[in-house]
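Copied over from Swiss-Prot, here are the features:
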type	residues	note
BINDING	D9, D11, D174	Mg(2+) binding site
BINDING	D9, V10, D11, K149	substrate binding site
ACT_SITE	D9	active site, nucleophile
Amino acid sequence: MHINIAWQDVDTVLLDMDGTLLDLAFDNYFWQKLVPETWGAKNGVTPQEAMEYMRQQYHDVQHTLNWYCLDYWSEQLGLDICAMTTEMGPRAVLREDTIPFLEALKASGKQRILLTNAHPHNLAVKLEHTGLDAHLDLLLSTHTFGYPKEDQRLWHAVAEATGLKAERTLFIDDSEAILDAAAQFGIRYCLGVTNPDSGIAEKQYQRHPSLNDYRRLIPSLM
């Protein structure tokens, strides 16, 4: 699907964090390997049994705020997920195209807002190790509002809190379900990321334009 952004009509760029500005390899390793292995070792079950259990646990709360909530998972699994996140912090890395794109947005006068479903502790750890916050104008965790990006109530709350105009906004995320929610709210431009995890094959989007390198956008932006 062709990317055709009329930049002169864009005031605000909303950006997801994990997989969009940061390499999703951190989260995929944490939630698909480290957490199941740690829970399995604690409970004396095989790695396969632990993974199957975790898959069901994840599925049960998919697209809800609990899916992203470290406190929920700590209580559910009997693990100190916040401490584990802190310990793994050095693994958090920026995508190669993140800083060039964010700086180009700044140079062109666009407002850069982080909108992440990440738990505040998760966000703080990643900011500490990446310095991402130095390249953004505003950082928002959906936990502050009580709804994830999949929920229309979140979009209304964010618009009210920031004053953004949906018809003059670009939103970039690596989840098609979340892009769908943004489009439903009225966000004019919704763009998917095909390579959120540098270690796995690119993904495809059915209903939204997508790309694998933000630097492709810079010439038209400038």
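Even glycines carry a Cβ here, placed using N, Cα and C.
Listed binding-site residues: D9, D11, D174; maximum Cβ neighbour count within 10 Å falls on D174.
Under the DSSP three-state reduction, D9 (Mg(2+) binding site) is assigned to helix. Comparing the binding-site residues V10, K149 on other C-beta atoms within 10 angstroms of each C-beta gives the minimum for V10. The record assigns D9, V10, D11, K149 to the substrate site; their largest pairwise CA distance measures 23 Å. Rounded to a whole value, the Cα-Cα separation of V10 (substrate binding site) and D174 (Mg(2+) binding site) is 20 Å.
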